[in-house]
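**Q** This structure is in structure tokens; I'll ask about it shortly.
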Amino acid sequence: MATFDDVKDVIVDKLGVDGDKVMPEARFVEDLGADSLETVELIMGLEDKFGITISDEDAENIRTVQAAIDYIESKQ
């Protein structure tokens, strides 16, 4: 199962944000300052970390930390 800490580690690594800013309700673009390239890198990082494939359509709907956790848990 995806844990908050595992997802947080990928976010901190890919977006270069302070871990204290990564909360379940945080939005990748608005709250964490991710640009379009960083969001693609984030999705790829989550795919690698959890051994899943995230379609482009699904990736567009993953906008918050909690949405990422929920999606990953639904695929495992």
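Every residue gets a Cβ built from N, Cα and C, even glycine.
What Swiss-Prot records for 1-76 is domain 'Carrier', and it gives sequence analysis as the kind of evidence. Look at Swiss-Prot and you will find Ser36 tagged as O-(pantetheine 4'-phosphoryl)serine, backed by sequence analysis.
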**Q** Report the DSSP secondary-structure composition of the domain 'Carrier' (1-76) as helix, strand and coil residue counts.
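**A** When I sort the residues of the domain 'Carrier' (1-76) into the three classes, I find 47 helix, 2 strand, 27 coil.
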**Q** To what whole number does the mean pLDDT across the domain 'Carrier' (1-76) round?
**A** 96
**Q** Ser36 (O-(pantetheine 4'-phosphoryl)serine) has how many other Cβ neighbours within 10 Å of its own Cβ?
**A** 8
